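Listed in Swiss-Prot for this protein:
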type     : residues                       : note
ACT_SITE : SER102                         : active site, phosphoserine intermediate
BINDING  : SER102, ASP244, ASP246, ASP248 : Mg(2+) binding site
MOD_RES  : SER102                         : phosphoserine
Amino acid sequence: MGKLFGTDGVRGVANLELTPELAFQLGRAGSYVLARHEASKRPRILVGKDTRISGDMLEAALIAGICSTGADVLTVGILPTPAVAFLTQRYQASCGVVISASHNPLEDNGIKFFGPSGYKLPDELEEEIEELVLAGTQELQRPQGEDVGRVYLVAEARNNYLDYLISCYSQDQNLAGITVVVDCANGAAYSTGPELWSRLGAQVIAINNYPNGVNINERCGSTYTEGLRRAVVEHKADMGIAYDGDADRCIVVDERGNELDGDHIIMICALDMNSRGELNPPLVAATVMSNIGLDIALRRENIQVASCKVGDRYVLEKMKESGALLGGEQSGHIIFLEHATTGDGLLTSLKVAEVLRRSGLTLSELARGLEKQPQLLVNLRMENKDKILAHPLVQEALKQAEERLGEWGKLVVRPSGTEPVVRIMAQGPEQYLLEEVIAEIKQSIERAQA
């Protein structure tokens, strides 16, 4: 796989790139590095996963690796990624590990580490773990007898997480009378998602909540909202929510069946927080992929947008750097820093419902303030991404595209950190212009690859 850690942990095709052998080595190296940094002879590492069929295989190997160094494991089973982050802090674990590839296809899986405070592991520690794995972990300690690590099932973990989410919701905004359609993506929120809404009094219609190990993200969830949009209209629901495979993001659907992405969610929540004096400073963090319309809508209310690279770790960095309490991505990764250390789809959807209930408006009315500029996003699969993008033909095409889009447009070219894909996004006043510049860029890439 080359470099192991990408922007979101270690990912690859399960049993081919992300093998049980690699999971075992990550368990050994991770527990050793963390034990050394916290000077603990017996670290406790919390482990969760999503619903992929390969999760059991990788979990068994990972846990074996951890226990082989003398560290103990707290297993929480199938839970959302943000639940693992929260529970790591809640149980004072040395670190948390989640086995998931989020919104990626079934064949993929991933292993991601969280530090004891619930934040993603710092780059330096990931590098230490990676170096140790690549060098080989055969020489690391192998305790015997009672010093071998134990595995503990944390049966109450799920309820601890749900209780915390409910504590983040304004108790005077009961959801009785609200109808919500919840698309669980046959993923990690298949159980916690519907129960959360039921406990708050909403009428819940759950879809894609019967995972079988192979149907995660299959024509459902936050990247495929067609079924959810139909269900919202059919049931005359007040809102629809689509989580992804590990429920660290969500997309919302209004009562008319229109999809509201992360830009809409940021605007709705930022305006509400600002009106109540809770957005201090009056600032949000958003990635370069956000629509220019978000900037315009927020600046009307004197709220600034701090821009950053794509990836929730970069959103978090920008939030810490700027003091922003709210930040996120168009894809639906939203961070409420007063409540969570990472993007949490369940928490985000609750916060939108809170605004819906408090305002007395419909979701379509709340979203009306965001007038999006036309946008075109294409994903191009290619190997040697950096080499191709640096080619003079491609560089010249990108330069000409930026000139054509002008000051009211935006061009973003971003190699994916987890897939052999380059994402090209163009925004501007006219759709035909976007189609032309994207076509010219694609043509230059094809010529560079020839």
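Yeah, the Cβs are placed from backbone N, Cα and C, and that goes for glycine too.
Positions of Swiss-Prot features highlighted on the structure.
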residue : record                                  : Cβ neighbours (10 Å)
SER102  : active site, phosphoserine intermediate : 29
ASP244  : Mg(2+) binding site                     : 33
ASP246  : Mg(2+) binding site                     : 35
ASP248  : Mg(2+) binding site                     : 35
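Listed in chain order, the residues near the Mg(2+) site other than SER102, ASP244, ASP246, ASP248 are ASP50, PRO80, THR81, SER100, HIS103, GLY187, ALA188, TYR243, GLY245, ALA247, ARG249, GLY345, each with its Cβ within 8 Å of the site Cβ centroid. Looking at ASP248 (Mg(2+) binding site) and the residue listed as 'active site, phosphoserine intermediate', their Cα atoms lie 8 Å from each other. Counting in whole angstrom, SER102 (active site, phosphoserine intermediate) lies 5 from ASP246 (Mg(2+) binding site) by their C-alpha atoms.
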